[in-house]
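Participant: Quick one: the structure is below, questions incoming.
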Amino acid sequence: MTQHDRLLIIDFGSQVTQLIARRLRELNVYCEIHPYNRVDEAFLRAFAPKAVIFSGGPASVYWQDAPMPPKGVFELGVPILGICYGQQVMMHCLGGHVEGGHGTAEFGRAFVTPAAERLPLLEGWFEGGTEQVWMSHGDHVSKIAPGFRVYGTSPNAPFAITADPERHFYAVQFHPEVHHTPKGAKLYENFVRLAGFKGDWTMGAYREEAIRKIREQVGDAKVICGLSGGVDSSVAAVLIHEAIGDQLTCVFVDHGLLRLGEAEQVVTMFRDHYNMPLIHADESDLFLGALEGVSDPEVKRKTIGRLFIDVFQKHATEVGGAQFLAQGTLYPDVIESVSFSGGPSVTIKSHHNVGGLPEKMGLKLVEPLRELFKDEVRALGRELGLPQSFIGRHPFPGPGLAIRCPGEITREKLDILRRADAVYIDQIRRHGLYDEIWQAFAAILPMRTVGVMGDGRTYDYALALRAVTSVDGMTADYYPFTHDFLGETATRIINEVKGINRVFYDCTSKPPGTIELE
Ligand code: XMP
């Protein structure tokens, strides 16, 4: 058990509960998220939180079987912060009233005005008058509970911020954890300060805790890990290796769709530098053979996904008796697989992962990064001593260059693409732009165009350059390179890469585009 102060987040099912945890980790506060129906009085006693947060959620307090907080939580004597549904349920339990129906819903940006009385929770707020917040609620509080007073109102939420400062119970109608509430982080900072947290929970502590949990979960069983060379699976592998040593074997499937020098880099780093048992499965003939003549993006993705599983399974059995499969699943991967409306969502692309394998092979999953966001994984990687050049690498998709080669894939095109991409990335690095960009890559277009080089005619491939900024890959803006940069890069590529005679820059953001071309 950790000796750090602990904060308990009781989850009522909000889409953004993990963001609360993230805001708290940014404040070096240790927290755990537990669903409301798994927390009872005994759990509360054992967990001994120094503060509690009730998340938002989709329910209404007057539904039959509405989610309720555990008995005894208000008697713990610790500060409680209720957010959105968390506010409503708090009011409901403590003697206030909540209403729903027409005209009470509010979604999107709102502005909160302060009340005359100041609240320490709101230190740093309202310096410029009102504060922008993000609302997302169907019901609203119509009467606050005894002991509570109002500290902020918005046009549609007269009880936007309420508190019983004596008991340290705070309740807000909006979501302070999302970026659209610009001062939200300050509110959490004030809350944990009022609760007396020392703020001593660091990535170092996270690492120790993660290692302890991996050992506990795995015991002396064997684990296999699909290593892609990307940051996530690499950090997961190094962390798990630190926890259980050679009980871990990594399988690196080279599908022939990697970038220039990539396979060598991965093998050198993991096998030679980290001394990890690593199976390097060179299966490029198999994959490229199966992709011959395939031009439909979904067929490509599905073919690669299916073969990947087959190959992985074939090599994983060599390990013999593995009971666990390790994956570098991140939190955004977890939420992206859940539809916002709760209903089935449209499949834009069949993302490639090793899904399906665990059931097929009777494996259990080890996913030590499941709660983390990309930048937190990078911080953990740094903590584990992975080189910065590796940690800072742009994401690279599982299907690799296949989805950067729209239309039919040939070895010739892949070879041209690899060399052009290397020049483009080199240009970006030379200009010191690599770390400003979320992801940059070249794609070879399924067309040839006419050009003139020296005194001769050329009839070669056209190349598209892509570069985007993003926080999580779910939305993205194209990167505004200067014309000088673009001109210089196009010239270098055409001069240095035989087979390309025309270069385009893709100025599409996401949406409406996607980051990859397929
Ligand atoms: P899109 O093209 O969907 O990409 O806007 C969003 C982010 O996801 C990456 N991507 C993938 N990553 N397997 C992965 O591991 C995949 O099948 C896959 N498809 C896209 C893409 O590179 C970008 O970072």
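Note that Cβ sites are derived from N, Cα and C of the backbone, with glycine treated the same way.
Owing to the predicted nature of the structure, the values given are computational and were not obtained by experimental measurement.
Okay, so TrEMBL annotates it like this:
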type     : residues                                 : note
ACT_SITE : C84                                      : active site, nucleophile
ACT_SITE : H175                                     : active site
ACT_SITE : E177                                     : active site
DOMAIN   : 201-393                                  : domain 'GMPS ATP-PPase'
BINDING  : S228, G229, G230, V231, D232, S233, S234 : ATP binding site
Participant: Sorry to bug you, but what's the C-alpha spacing from H175 (active site) to G229 (ATP binding site), rounded to the closest Å?
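Facilitator: Pair distance, Cα basis, whole Å: 36 Å.
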Participant: Going by C-alpha positions, which of the recorded positions (C84, G230, V231, D232, S234) is nearest H175 (active site)?
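Facilitator: Given the candidates C84, G230, V231, D232, S234, the nearest one is C84.
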Participant: Quick one: of the binding-site residues V231, D232, S233, which has its CA closest to the CA of C84 (active site, nucleophile)?
Facilitator: D232
Participant: Taking the mean position of the Cβ atoms of S228, G229, G230, V231, D232, S233, S234 as the ATP site, which residues outside that list, in the same chain, have a Cβ no more than 8 Å away, listed in sequence order?
Facilitator: L227, V235, A236, G328, F396
Participant: About how far apart, in whole Å, are the alpha carbons (Cα) of D232 (ATP binding site) and E177 (active site)?
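Facilitator: D232 (ATP binding site) to E177 (active site), Cα-Cα distance: 24 Å.
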Participant: For G230 (ATP binding site) and E177 (active site), what Cα-Cα distance in Å is obtained after rounding to a whole number?
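Facilitator: A Cα-Cα distance of 28 Å.
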Participant: CB neighbours of H175 (active site) within 10 A?
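Facilitator: Taking every protein chain into account, the count is 24.
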Participant: I'm trying to understand the geometry here, so how far is the Cα atom of S234 (ATP binding site) from the Cα atom of E177 (active site), in Å to the nearest whole number?
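Facilitator: Distance (Cα to Cα, whole Å): 29 Å.
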Participant: If you measure S233 (ATP binding site) to E177 (active site) at Cα, how many Å is it?
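Facilitator: Cα-Cα, rounded: 28 Å.
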Participant: Taking the recorded positions one at a time (E177, D232), which has its Cβ surrounded by the most other Cβ atoms within 10 Å?
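Facilitator: Compared across E177, D232, the most Cβ atoms within 10 Å surround E177.
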Participant: Please list residues from the chain of S228 (ATP binding site) whose Cβ is under 8 angstroms from its Cβ, counting only those at least six apart in sequence.
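Facilitator: Counting only residues 6 or more apart in sequence, the Cβ neighbours of S228 (ATP binding site) under 8 Å are F252, F396, G398.
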Participant: Per residue, counting other C-beta atoms within 10 angstroms of the C-beta, which of the binding-site residues S233, S234 reaches the highest number?
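Facilitator: Ranked by Cβ atoms within 10 Å, first place goes to S234.
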Participant: Is it possible to get the count of other C-beta atoms within 10 angstroms of the C-beta of G230 (ATP binding site)?
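Facilitator: If we count other Cβ atoms within 10 Å of G230 (ATP binding site), we arrive at 17.
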Participant: I'm trying to understand the geometry here, so how far is the Cα atom of V231 (ATP binding site) from the Cα atom of E177 (active site), in Å to the nearest whole number?
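Facilitator: About 26 Å separates the two Cα atoms.
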Participant: Can you count the other CB atoms that lie within 10 A of the CB of V231 (ATP binding site)?
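Facilitator: Its Cβ has 24 other Cβ atoms within 10 Å.
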